[in-house]
Structure formats: C-alpha cells, structure tokens
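Engineer: Sequence annotations record features per position, and here Swiss-Prot assigns active site, proton donor/acceptor to His177 based on sequence analysis. Annotation comment: Swiss-Prot describes Asp249 as active site, nucleophile, evidence class sequence analysis. Positions annotated as substrate binding site by Swiss-Prot: Asp62, Arg70, Arg134, Lys164, His165. The feature site 'Important for catalytic activity' is assigned by Swiss-Prot to Asp175, with sequence analysis given as support.
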Amino acid sequence: MSTLLIDLKGQTLRQEEVELLEHPLVAGLILFTRNFYDRPQIQALVKDIRQRVKKPLLITVDQEGGRVQRFRDGFTKLPAMQSFAALIQEPEQQLATAKEAGWQMAAEMTALDIDLSFAPVLDLGHECKAIGDRSFCSDAESVFRLASAFIDGMHAAGMATTGKHFPGHGHVLADSHLETPFDNRPSAVIFERDIRPFQRLIAQNKLNAVMPAHVIYTDCDDQPASGSKYWLQDILRRKLGFHGAVFSDDLGMKGAGFMGDFVTRSEKALSAGCDLLLLCNEPDGVVQVLDNLKLNESRPHFEARQQRLKTLFKKKSFNWTELTQTEKWLKNTQKLTALQAQWQSS
C-alpha cells in the first residue's frame, strides 16, 4: 500500500511527523538542507526516525554533487557532473573519477543509514537552468559512459540508482520547479538523442529506478512525462523493457500543477505508471493526499510495486569513523574536492 515519500520541517523529528510517517500510504521520506546542521545532527535525526517509526522507511536525499548536495559541511565536496568531461582530458581517467565519485557519495550516505540518493542525472546538455552542470555532457555517448561509471561506484557501495529525468530534461529552458516546461522538438530527435542513455543503461540492467520529468513533449503526448501512460507504460516499460521502480519527481513542484490538485496529481501519476510519489514542501497537500488518495490496484500490481520498493533499500552499511580512515576514502576526498574547486574557479 505504501507509495508516498514526504519531507520533514526541521532538524528534529516531531511527533506529528512520526504519525504521518506511520500512515500506511507513506513509503519513506526525503531529506533537505533545512534538515541538516552538521554530520552528528543528521546522523542522530536518521537514527531517531529509524527508532520511532515502527516500519521500514526508505530514507532518501539529493546528494548528486556540485550544486545539488544537501549535506556539505563534514562531507566530501563532490564535483559537478559536467566537470569530469570538461576538466579531465584522458577518457579512462574521466571514467575512473566518475566511479570514485559515485562510490564516495553512496558510501557517505549509507554511513548515515540513508538508503538512496537520487542519482545519476542522465539529461543531455547544460542550457536548461534546472539542469546546467548537473549533466555529465551534451552528447548521449559520453553521458552513457560517465553515468555507467558513476553507477558502478554507487552499486559497489551498496546503493540503488535512479536515472533522471526521463526521457530527458536537458533541452527545455524553463525550470519545472517554477512552471510546466514544453519540449517542442520532433519525437525522432528525442528518441535518437535524449532517450539513448536511459535505453542503454536499462539494457545493461544498471538502473534500479527511473524518475520522469515534469515536461510535456508536445510531439509525443499532451501530459507531462510524470503523468503520461505513453512515456511510462508504452515506452519505458514495454519498448525499453524497464522492470525497476518509477518515482514521480516532486509533485509539489509548479511543473506538476498542470495535472491538477495534489490528490489528482497523485492519482494521475499512479495511473500513468509511477510506483512511488514524491510530495515535498506542501504539508497541507500531504494531509490531503493521505486523507483522500484511494489506491485502486489489483493484488499482482500491488505486490509488484512493493517488490520494486524493496530493491531500493541500501545493501551495505559503512561505519563513518572506519570509512573516513580508509585509504580509498582519503584519496577520493582529496581528488574530488580539488576537482570541484577547479570547476568552481574555471
């Protein structure tokens, strides 16, 4: 029955939040910068959540690297994804560094008892304000190679991967946090370019989850991909053969407003093919969904969705003190921090 991922207000867990998290519809939560003061505090918060909420919760965060890194002080300053191809000349060294970054991020998060960081970004190009240097590169082959290496690092640290934002958010200028973007390119271009990294990583069984974009691709469908049966069922499931979990992007974003109120957005995303729904920064919207969302699904569909959820929990746990004394972590920290400093000054 669990489907919703919600957020917390501050740096400690409130009793009313415990009650929300224990609701049968809630599958987990996502942490933000506002929930973070320092490493001991965030570690204590996660421990408190695990102890007080009497069910397994998928605890997630956006710790991609570069400008999207919710926890900074006390953690490795991970480089922006664009920096690998932009600053490192040798292709093999690009891949090695991307793999090290994926491992470092995942190891640090699992050492906090966090299950999942929503990564990697598979969007092409850097023109979109919402994406920018979060993208590895502007060509599909380079994105595939670098993302594949980053994924290998994440998997080695025991973390599941989430490819985003399907089928590609890189060629719209509008920010879906603020409005619903439209991609007016011919469908042939999207299938020849943007969808390729997703297609190849799915074929290699490297993506555990996919997050669709709050973007309307006008030559393909009149609904945002996050609420589109065409994109999620016809293309992602049937054509690409994806069997992993599908997350909605945040249904609290303005880009999702095209689909209606919060309950309607949730219903449309589930009906389109999403397994798990993110609803953030909208506490009243969360209550509306928990009070009014009805899951009309068959038993096989329910069981398949819950099985996909189970695959997203972390497979390994690191001890923070032991992790940060390893030669691997120390070398990675020095190398990755230097790369990000170089990127910021370039």
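All residue numbers here begin at 1 and follow the chain in the order shown.
Glycine residues also receive a Cβ, built from the backbone N, Cα and C atoms like all the rest.
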Engineer: To which of the binding-site residues Arg70, Arg134, Lys164, His165 does the lowest count of other Cβ atoms within 10 Å belong?
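Structural biologist: Result for the binding-site residues Arg70, Arg134, Lys164, His165: minimum number of other Cβ atoms within 10 Å at Arg70.
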Engineer: Measuring Cα to Cα, how many angstrom lie between Asp62 (substrate binding site) and Asp249 (active site, nucleophile)?
Structural biologist: 12
Engineer: If you measure Lys164 (substrate binding site) to Asp249 (active site, nucleophile) at Cα, how many Å is it?
Structural biologist: 9
Engineer: Select one residue from Asp62, Asp249: among these recorded positions, choose the one with the most other Cβ atoms within 10 Å of its Cβ.
Structural biologist: Asp249
Engineer: In terms of Cα spacing, which of the binding-site residues Arg70, Arg134, His165 are within 10 angstroms of the residue listed as 'active site, nucleophile'?
Structural biologist: His165
Engineer: Is Arg70 (substrate binding site) helix, strand or coil when read with DSSP?
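Structural biologist: The residue in question, Arg70 (substrate binding site), is coil (DSSP, three-state).
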Engineer: When DSSP states are folded down to helix, strand and coil, where does Lys164 (substrate binding site) land?
Structural biologist: strand
Engineer: For the residue listed as 'active site, nucleophile', which of the three DSSP-derived states applies: helix, strand, or coil?
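Structural biologist: Looking at the DSSP assignment, the residue listed as 'active site, nucleophile' belongs to neither helix nor strand, so coil.
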Engineer: Record lists Asp62, Arg70, Arg134, Lys164, His165 as binding substrate; longest Cα-Cα distance in Å?
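Structural biologist: About 19 Å separates the two most distant Cα atoms.
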Engineer: Can you tell me whether DSSP puts Arg134 (substrate binding site) in helix, strand or coil?
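Structural biologist: Note: Arg134 (substrate binding site) is helical by DSSP.
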